[in-house]
Amino acid sequence: MTLDALLVAPFVDYGFMRRALVACLSLGIGSGPIGVLLMLRRMSLVGDAMSHAILPGAAVGFLVAGLSLPAMGIGGMVAGLAVALLSGLVSRGTVLKEDASFASFYLTSLALGVLIVSLRGSNIDLLHVLFGTILAIDGPSLYLIASITSATVVTLAVVYRPLVAECFDPGFLRSVDGRGSLYHALFLVLVVANLVAAFQALGTLMAVGLMMLPAAVARLWATTLPGMIGFATLVAALSGFIGLVVSFHVSLASGPTIVLTASLFYLVSIVFGRGGLARRILSRPRFVG
Amino acid sequence: MSRGSLAVSHLTVAYDRQAALRDIDGCFEAGSMTAVVGPNGAGKSTLIKTLVGILKPVRGRVVRQDFAARDVAYLPQAAEIDRSFPITVTDLVVLGAWRHTGAFGRVGRDVMARTADALRAVGLDGFGQRAIGSLSAGQFQRVLFARLLLQDAPVIILDEPFTAIDTRTTADLLALVRRWHGEERTIIAVLHDFDQVRAHFPRALLLAREQVAWGPTAEALSPANLLRARAMAERWDETPDHRAAA
């Protein structure tokens, strides 16, 4: 098999492969930087919780319009933001820390979402909602994903400084600029929007796959924040491409293959990365003589 | 600089209805330099956080004279900042110019020049492009002081600035604090080293969940007052920490 047949032909021959590839590249560009910032805020698991939180909204969208990705996207957006807001309020008003209230809300959302989908849909529909339908992405869905990515990149470029400052030293930002929590809220909106975009492709259970895994990989190689963001974007895009190619030739489910490709990058980085195990073990001081 | 006096009137701060500080009453005069001392758990950081506005008092209030909350430069305890964050020394120090650059403004040549000056003043010339993760604890504290320099604030509040910092760095940074005092800025610092307080700080506030003494350092830290603070600390702690009020 020629390299051309291996890497290029699937995308030349099939429209659904092209759309899936564009979706993956777009997701990487938006989710890469968001994932890095989430990780640096120690909110990796909050991203995971949020991705489940969008399910009931998406399910309501499904009830109303069937498997229409824009309808489910809008529903998911509303539900995700509501959960982010509620968790913030609960953690401020009760003894529960933010991670605990997020965990409670996402379990509730997941159960509620599955219940609502089962009301009308079949098990196949449920599978689509949970694990995504990257090969079924149509024109309108692609526009939605691309719009979210574009809005994310522009917003990040504008609020980069306060966002990073809020991430690094929230106490300091609060003392010099009264709008610290506003930037935090804006960031959460971006997180939810990108999860809604990823939800279309990877489903609610793996939507964070192209967000957190590339971020973790980038952390293990790059030393500067811009470097990490670039690296994460590259890893996400590569995972999408390799995952699609492999799943096409070996007839595997595309979504999981893409996420597993990112996992593979992660495993390799854990061992060989700049901040990884091999370097740590080799550079450990030893007694001589 | 005559502005910058900070008055507290009958201040009470509580966590979960448990008073952490009771009835603190007095004034940090404009241009004064005050050390806040006391046993562990005496409410020193609580007081600082209330002065800065992070905590809200349940009773009493903090009155700022002729300056805004933004005119306070605040150095939190070292543990509150993630030192593995991927940011360079220069980028961190430039944050101190927030009042000039704001969230969106350009970082001009003047700000970069002041950043270089500040790094020189704290003895970190040439460290600008280093990642903060590669610095020692002492060097990192120097970077935070460079940021304070850039903030150029009339009121400077420091929470344990010299804890776990090497002696040489402590001496250098203390010299900087004394320079600020010479420039008539108002300085409030939480400290543990009593010799340091006696040698460098004209005024002291001795806390033990309430105000034990507040005044010229020699009077505030008299043996009788220290004994009283320790006795109060032992009352709230079954297993007293003997270093605490020593």
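Yeah, the Cβs are placed from backbone N, Cα and C, and that goes for glycine too.
Of the candidate ranges A:141-160, A:201-220, TrEMBL annotates residues A:141-160 with the feature transmembrane segment. Long-range contacts of the transmembrane segment (A:20-38) within the same chain, counting only residues at least 6 positions beyond its ends with a Cβ under 8 Å from a Cβ of the stretch, are 11, 44, 46-47, 134-135, 137, 141-142, 145-146, 148-149, 152-153, 156, 163-164, 167, 187, 190-191, 194, 197-198, 200-201, 208, 210-212, 214-215, 218-219, 225, 228-230, 232-237, 239-241, 243-244, 254, 258.
Among A:71-90, A:141-160, A:181-199, A:258-277, A:71-90 has the largest number of CB pairs under 8 A with the transmembrane segment (A:45-65). Sequence-distant contacts of the transmembrane segment (A:229-252), counting only residues of its own chain at least 6 positions beyond either end whose CB sits under 8 Å from a CB of the stretch, comprise 6-7, 10, 17, 20-21, 23-25, 27-29, 31-33, 35-36, 134, 210-211, 213-215, 217-218, 221-222, 258-262, 265. Cβ atoms under 8 Å from those of the transmembrane segment (A:258-277) belong to residues 24, 134, 202, 206, 209-210, 213-214, 216-217, 219-223, 235-236, 238-240, 242-244, 246-247 of the same chain, restricted to positions at least 6 beyond its ends. Long-range Cβ contacts of the transmembrane segment (A:141-160) within its own chain (Cβ-Cβ under 8 Å, at least 6 residues beyond either end) map to 19, 22-23, 26-27, 29-30, 33-34, 69-70, 73, 183, 186, 190, 193-194, 196-197, 200-201.
Panel annotation: around the transmembrane segment (A:181-199), residues 26-27, 30-31, 34, 37-38, 47, 50-51, 54, 58, 72-73, 76-77, 80-81, 84, 132, 144-145, 148-149, 151-152, 155-156, 159, 162-163, 166, 170, 173, 207-211 of the same chain, lying at least six beyond its termini, place a Cβ under 8 Å from a Cβ of the stretch. Panel annotation: around the transmembrane segment (A:71-90), residues 49-50, 53-62, 64-65, 96, 98, 101-102, 105-106, 109, 129, 141, 144, 188-189, 191-193, 195-197, 199-200 of the same chain, lying at least six beyond its termini, place a Cβ under 8 Å from a Cβ of the stretch. Long-range Cβ contacts of the transmembrane segment (A:102-121) within its own chain (Cβ-Cβ under 8 Å, at least 6 residues beyond either end) map to 45-46, 48-50, 52-56, 58-60, 62-63, 79, 83, 86-87, 90, 96, 129-130, 204.
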